[in-house]
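Here the structure is laid out as structure tokens; the discussion comes afterwards.
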Amino acid sequence: MTWPNGVIPYVISASYSSRERGIIGQAMAEITAKTCLRFIPRTSSHRDYIHIYRGKGVVIHELMHAVGFWHEQSRPDRDTYVTINWANILQAQSYNFQKVSNTMSTDLGLAYDYDSVMHYGAYDFARDRSRPTITPRRSGVTIGQRRGLSQLDARGLNLLYRCPSTGPITTTTTNRPTPTTCNDYNSFCSSWAFAGYCSYNPGYMNIYCQKSCDLCGEF
């Protein structure tokens, strides 16, 4: 499933603290900065939306699932790049290591990405934590990073959603605020500003989070 026009309405559980909402906002901001996808608060007009609730997953990894991506180790060609040690996988979690069919795959012709945020770590869901569940066939690589999107993760998102090659779209022309308006246009602006995104992603923040980035005096 992909989201029409790359717009993903969302609802966040009220059980999250403001700090936790900021972490969710950072994950959304990273995807927004590197692709043409946009996360918007859900309204009554949105039939389809994602509901973000408490769980054990890493936010950006789970958001990648929500926008249409499988685990990297589930690619049809994965046996060329990793060995799955089935005997050491917790039985209830074995489905996470199954390959998807060619028709369901979202590899989009890209190279296998050991650095993908969608790749499991070497010891994830192990019966015996001293032995790996996934062994890379290439020496010297590390799998399971959760720092954020890899270059190929971002490339895959842009391919799947047919984003312009010139880079991320900020918004549609009709919704773009005029320079004389100083306001925040996303409910996460204050959290993103606190996390440093006024400097990290000024191309977006200077337009849509002017108030939180203290830019009102410049207009």
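Every residue gets a Cβ built from N, Cα and C, even glycine.
Unlike curated entries, TrEMBL annotations are predicted automatically.
Quantities reported herein were computed from a predicted structural model and do not represent experimental measurements.
Looking at CYS182, CYS189, CYS198, the record from TrEMBL puts CYS216 in a disulfide bond with CYS182.
For the pair GLU62 (active site) and HIS71 (Zn(2+) binding site), the Cα-Cα distance reads 10 Å. Taking the Cα atom of each, CYS182 (disulfide bond) and HIS65 (Zn(2+) binding site) are about 34 angstrom apart. Fewest other C-beta atoms within 10 Å: among the binding-site residues HIS61, HIS65, HIS71, that description fits HIS65.
Note on CYS216 (disulfide bond): other Cβ atoms within 10 Å of its Cβ, all shown chains, come to 12. DSSP labels the residues of the domain 'ShKT' (182-216) in these numbers: 18 helix, 2 strand, 15 coil.
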